[in-house]
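Engineer: I grabbed these lines from TrEMBL:
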- A:25-135: domain 'PurM-like N-terminal' (DOMAIN)
- A:Asp27, A:Asp72: Mg(2+) 4 binding site (BINDING)
- A:Asp27, A:Asp72, A:Asp215: Mg(2+) 3 binding site (BINDING)
- A:Asp44, A:Asp72: Mg(2+) 2 binding site (BINDING)
- A:Asp44, A:Asp119: Mg(2+) 1 binding site (BINDING)
- A:His51, A:Asp265, A:Trp321: substrate binding site (BINDING)
- A:Gly118, A:Asp119, A:Arg143, A:Ser217: ATP binding site (BINDING)
- A:147-307: domain 'PurM-like C-terminal' (DOMAIN)
- A:Asp218: Mg(2+) 5 binding site (BINDING)
Protein chains: 2
Amino acid sequence: MEFDLIEAIRARSATRREDVLLGIGDDAALLRPPPGHALAVAVDTLLEGVHFPLGTAPADIGWKALAVNLSDLAAMGATPAWALLSLSLPRADRRFVEGFLDGFMALAEPHRLALVGGDTTRGTLAVSVTVHGFVHEEQALRRSGAKPGDAIFVTGTLGDAAAGLACLDRQRDDADRLLTSAVDSRKALIERLNRPSPRVAAGQWLREVASACIDVSDGLLADLGHLCKASGVGASLDVDALPLSSALLTLFADNARDFALTGGDDYELCFTAAPEHAARIVADLARQGCGAARIGRIVAEEGVALHDADGRRVTASASGWDHFRT
Amino acid sequence: MEFDLIEAIRARSATRREDVLLGIGDDAALLRPPPGHALAVAVDTLLEGVHFPLGTAPADIGWKALAVNLSDLAAMGATPAWALLSLSLPRADRRFVEGFLDGFMALAEPHRLALVGGDTTRGTLAVSVTVHGFVHEEQALRRSGAKPGDAIFVTGTLGDAAAGLACLDRQRDDADRLLTSAVDSRKALIERLNRPSPRVAAGQWLREVASACIDVSDGLLADLGHLCKASGVGASLDVDALPLSSALLTLFADNARDFALTGGDDYELCFTAAPEHAARIVADLARQGCGAARIGRIVAEEGVALHDADGRRVTASASGWDHFRT
């Protein structure tokens with residue numbers, strides 16, 4: 001063994017929490033959940049070439065592996081607490097592990113998330129993270145609470161990560177011919193792909209006001225579809241209200257809307273609330289920094305229907321991203 | 001998509017527990033930990049060709065993926081409660097998933113373990129399971145409590161799983177030439193490899209009496225070494241006291257002891273206790289069915305030293321199994 005992977009990880013798991021009785025180094029972690037809270041638990045696995053492109057920097061992989069999981073906690077309105085990491089690597093590669101932990105910890109620390117356990121094994125590059133957070137049972141944001149008449153919102157901007165992936169797929173020659181503004185846009189989109197910002201603070205704020213919530217990992221149409229199905233309702237979406245970044249509009253003016261509707265990996269929150277809360281939601285989330293746009297309303301009829309600002313029906317070109325799409 | 005993997009898994013996650021507020025189907029599971037207990041959490045990932053041989057039956061993979069994790073809870077003295085499953089498959093293969101769940105649930109149900117969440121993705125076959133259990137904080141079995149003078153014990157028998165793997169590695173021709181008794185032994189050893197029995201009840205019983213505990217996943221020498229290191233002590237092992245199965249002795253009379261010392265994947269518990277408890281431990285665990293053998297004692301000097309029944313020093317040929325051994 002070139003070096004002790006688990007020791008390297010333990011040495012970096014610096015976040016101290018009083019509720020961690022026993023962290024990395026025994027058969028299991030021992031944790032003390034706070035009384036009166038529910039425990040929110042999620043796991044997501046990232047595979048090279050599926051969830052991040054070949055050649056992604058180790059620090060970006062570490063960041064993203066945690067971000068996609070924190071996004072699940074955000075969608076429940078939960079406060080992050082603990083994570084376990086299962087890391088599969090072709091070889092015990094110190095440089096990779098240190099870089100990975102740089103990215104992982106850069107996101108863990110501001111959230112006071114402690115890395116409390118995990119395992120390492122030799123195999124194709126794969127990262128599986130399990131996260132735990134706390135939320136009062138009656139305040140947890142579920143997918144199933146949307147009601148006809150509720151307004152639909154989404155945080156941040158949509159489609160950027162998928163556009164970032166499209167930028168990476170293009171030939172390098174293309175990039176060289178770009179104007180400076182386009183170079184900056186390209187960089188911004190790839191940053192959104194590699195370093196998504198889980199909307200943890202927004203999710204916690206939404207506990208007071210949202211009727212249902214989901215994070216946008218597979219694309220807005222797919223994920224809003226999941227929310228509607230869980231709630232037994234449908235949605236009417238105004239495609240002209242979709243929040244689009246200037247970077248996306250700069251590089252993909254013709255198909256920005258398609259990216260926003262069906263692109264995966266944005267990790268924004270899509271949520272519903274009674275329409276009387278709309279002004280407060282938009283104002284408060286703008287103040288928080290991520291922003292929120294009102295993009296439609298919940299209807300009784302099942303399915304997600306699209307219209308433009310003039311009320312004309314619109315058809316989407318695909319319905320999101322699916323790891324097992326054939 | 002050939003069929004909805006997550007729906008298939010949800011349909012099979014039948015164990016109902018009142019402390020599961022929200023299971024498979026939202027962004028995270030919502031769970032209610034019992035007041036006054038610590039939460040024991042462990043994750044283990046199994047990869048094809050590393051943790052189980054190519055061609056292992058799906059039901060055996062499902063059983064083993066849960067068993068290795070329940071073994072971690074057993075080693076803490078914890079009572080199992082919830083699991084999350086992250087499943088990576090080359091394609092959405094219904095037959096594989098149904099078989100996998102047959103094995104997983106066959107072990108989950110007697111332990112009243114609920115499958116509460118997870119994810120599925122397309123990639124090389126890999127299974128990552130996160131398990132949660134409960135244990136009173138002051139009763140949890142740690143690796144770090146062994147003291148010089150403590151007796152060392154191990155449950156069940158050692159070396160069977162590694163011998164089972166050796167049986168699989170041999171040519172099929174060999175098997176055809178075996179006597180009936182040898183065929184039965186071969187079957188028993190392979191069963192131990194594919195369907196390990198996590199010592200959950202023994203671990204809970206040991207909360208009252210053990211000073212330290214670890215499960216034997218990498219081999220006795222390696223894992224006892226971990227326990228000693230965590231406790232700041234050493235061990236003196238009597239190799240003639242190692243519990244060996246008749247199947248192991250039938251097929252591997254010449255190197256049974258090496259299998260017992262260094263073979264991985266047994267998932268027995270190795271633990272220490274004050275010597276005055278020895279008779280009670282051996283008697284009570286025999287009554288429980290798994291049995292326990294006293295195999296040595298903890299000493300102040302670091303390292304694991306071996307001797308035979310006559311007190312002569314013995315040298316082992318290897319020091320256990322390591323996923324990153326180079």
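Every residue, even glycine, has its Cβ placed from backbone N, Cα and C.
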Engineer: Sort the binding-site residues A:Asp44, A:Gly118, A:Asp119, A:Asp215, A:Ser217 by C-alpha distance from A:Asp265 (substrate binding site) and give me just the closest.
Structural biologist: A:Ser217
Engineer: Where does A:Asp72 (Mg(2+) 4 binding site) sit in DSSP terms: helix, strand, or coil?
Structural biologist: helix
Engineer: Using C-alpha positions only, work out which of the binding-site residues A:Asp27, A:Asp44, A:Asp119, A:Asp215, A:Asp218 is nearest to A:Arg143 (ATP binding site).
Structural biologist: A:Asp215
Engineer: Can you tell which of the binding-site residues A:Asp44, A:His51, A:Gly118, A:Asp215 lies nearest to A:Asp72 (Mg(2+) 4 binding site) in space, using Cα positions?
Structural biologist: A:Asp215
Engineer: Which of these binding-site residues, A:Asp72, A:Ser217, A:Asp218, A:Asp265, are close to chain B by Cβ (under 8 Å)?
Structural biologist: A:Asp72
Engineer: Using all protein chains in view, find how many other C-beta atoms are within 10 Å of the C-beta of A:Arg143 (ATP binding site).
Structural biologist: 24
Engineer: State which of the following binding-site residues has the fewest other Cβ atoms within 10 Å around its Cβ: A:Asp27, A:Asp218, A:Asp265.
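Structural biologist: Relative to the other binding-site residues in A:Asp27, A:Asp218, A:Asp265, A:Asp218 has the fewest Cβ atoms within 10 Å.
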Engineer: From the DSSP assignment alone, can you count helix, strand and coil residues within the domain 'PurM-like N-terminal' (A:25-135)?
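Structural biologist: DSSP classes over the domain 'PurM-like N-terminal' (A:25-135) add up to 37 helix, 46 strand, 28 coil.
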Engineer: Please name which of the binding-site residues listed here, A:Asp27, A:His51, A:Asp215, A:Asp218, is nearest in space to A:Asp119 (Mg(2+) 1 binding site), Cα against Cα.
Structural biologist: A:Asp27
Engineer: Any idea what the Cα distance is from A:Asp218 (Mg(2+) 5 binding site) over to A:Asp44 (Mg(2+) 2 binding site), rounded to a whole Å?
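Structural biologist: Spelling it out, the Cα of A:Asp218 (Mg(2+) 5 binding site) and the Cα of A:Asp44 (Mg(2+) 2 binding site) are 13 Å apart.
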Engineer: Work out how many Å separate A:Asp215 (Mg(2+) 3 binding site) and A:Asp44 (Mg(2+) 2 binding site) at their Cα atoms, rounded off.
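Structural biologist: Spelling it out, the Cα of A:Asp215 (Mg(2+) 3 binding site) and the Cα of A:Asp44 (Mg(2+) 2 binding site) are 13 Å apart.
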Engineer: In whole Å, how far is A:Ser217 (ATP binding site) from A:His51 (substrate binding site) when you measure between their Cα atoms?
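Structural biologist: Just about 11 Å between their Cα atoms.
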Engineer: Ten-angstrom check, please: count other Cβ atoms within 10 Å of the Cβ of A:Ser217 (ATP binding site), all chains counted.
Structural biologist: 25
Engineer: Which chain-mates of A:Gly118 (ATP binding site) that are at least 6 residues away have a CB under 8 A from its CB, listed by sequence?
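Structural biologist: A:Ile9, A:Ile24, A:Leu84, A:Leu85, A:Ser86, A:Leu87 - these are the non-local Cβ neighbours of A:Gly118 (ATP binding site), listed in sequence order.
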